[in-house]
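Everything below concerns the one structure shown next.
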Amino acid sequence: MGRAPSRGLLAAYRRLMRDEPRAPRLPTSPGFWRSPLRGPRFTSVLGLVLLAGITVLFVTGLLSYAAYNPDLSPVNDKTPDKGILGLYLFAWPTNPHWLYRLNQGVHVTLGITLIPVLLAKLWSVVPRLFALPPARSLAHALERISLLLLVGGGLFEFVTGVLNVQLDYVFPGSFYPLHFYGAWVFFAAFVAHALLKTPTALRNLRRLREERDDLVSPRPAEPTVSRRGALWFVGGGSLLLFATTVGQNFGGPLRRTALLAPHGGAEPGSGPNGFQINKTAAYAGIDTAETAGDAWRLVVTGPAGTVRLSRAELAGLPLHSAALPIACVEGWSTPDQWWRGVRLRDLAALAGYEDDPPDVFVESLQRRGAFRKAALRANQVADPRSLLALYVNGEELSPDHGYPARIIVPAAPGVLNTKWVARMTFGDL
């Protein structure tokens with residue numbers, strides 16, 4: 001008699017288990033994805049944010065590429081097979097002097113800020129990535145292929161960008177061609193996706209009630225947060241990344257907030273030469289014996305012949321000052337530093353170009369690394385603020401900042417501001 005209740009409970013449990021539908025084990029089943037947060041409106045909000053943000057990223061990326069003047073000389077061009085992708089190139093201006101600093105700061109800071117939005121968007125549409133059949137028609141097959149390029153290209157661009165910002169050069173090749181060609185593949189897929197989905201996203205936001213679609217789980221789990229709360233969480237993550245990155249583009253106290261940036265935190269030194277450095281003299285293989293006053297000579301070549309100038313002779317020429325920043329492709333920059341040296345156009349005059357300064361080809365003592373040689377366009381040479389700098393902030397350049405002489409040009413990427421200059425050849429390139 002005592003066993004009857006236990007047998008009844010066991011039978012009831014077995015009936016309950018038979019009636020309870022089992023959770024699908026494969027991600028290809030719609031019921032596998034049970035989050036109640038997924039839905040067309042949630043995805044649409046994230047998609048529209050990315051639509052605006054990625055468009056800005058692409059434009060600032062193209063401008064950053066143009067700033068190198070890759071069509072001027074092969075030494076500036078890390079993508080020689082670009083073909084029609086370089087048709088938009090133009091002579092990069094020197095005004096305003098903070099142009100590259102602003103452009104690259106926006107590009108890198110915005111890219112990092114959008115990471116939580118991108119990850120949330122991919123999470124919100126992940127059921128569609130596993131949907132079967134993979135192609136229901138030719139049009140659907142083309143859409144799935146574009147989606148593959150979109151997701152793969154987006155992850156590739158953001159990952160390579162973050163690695164470059166963090167100075168982790170673990171790429172299978174040079175960052176420049178990988179990021180450049182990857183950007184075109186990704187943006188082509190992005191444009192196709194935007195043309196297909198933006199009208200739907202706008203309709204989803206205008207609807208008073210959300211319609212069910214394949215993103216909504218047929219058996220959703222109990223919610224632990226609202227969709228609005230999830231959006232706030234994503235926005236908070238973006239704000240945190242913004243706050244811990246943006247300071248690398250500014251000097252002073254804000255730099256200390258850039259905890260996630262290699263060039264964030266305190267300045268690397270004190271005094272006039274204490275501002276940020278990307279490449280030290282030791283890393284570049286600079287031998288102090290070559291830069292000593294008695295050994296070093298600047299070789300200037302042009303139609304008038306070859307002139308060799310010691311540092312003392314350069315210091316005896318008319319010197320000029322300019323307040324200019326250094327800004328690098330990784331997104332970090334310095335505030336304006338006071339540089340003092342010989343104008344590039346005055347050196348062009350010594351080489352035989354007194355009235356109309358031409359392009360210049362600059363060579364460094366640097367032993368290894370990219371941009372040991374660089375080319376500057378005529379408009380950059382002609383700008384009165386473009387200097388062969390001998391001093392910064394009232395003192396001689398330190399070895400890490402390019403002693404005995406370095407190039408400084410307004411609005412130019414940092415790698416074109418060649419340090420440890422050894423030779424300058426003026427003429428049409």
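Glycine is treated like the rest: Cβ placed from N, Cα and C.
As stated in TrEMBL, the feature transmembrane segment covers range 147-166 out of the listed 147-166, 307-326. Scored by C-beta pairs under 8 angstroms, the transmembrane segment (229-247) has its highest count with 106-126, from the stretches 45-68, 106-126, 147-166, 178-196. The list of residues near the transmembrane segment (147-166) in space but at least 6 beyond its ends in sequence, with Cβ under 8 angstroms from a Cβ of it, reads 108, 111-112, 114-115, 118, 122, 128-129, 175, 178-179, 182-183, 185-190, 192-193, 261-262, 329-331.
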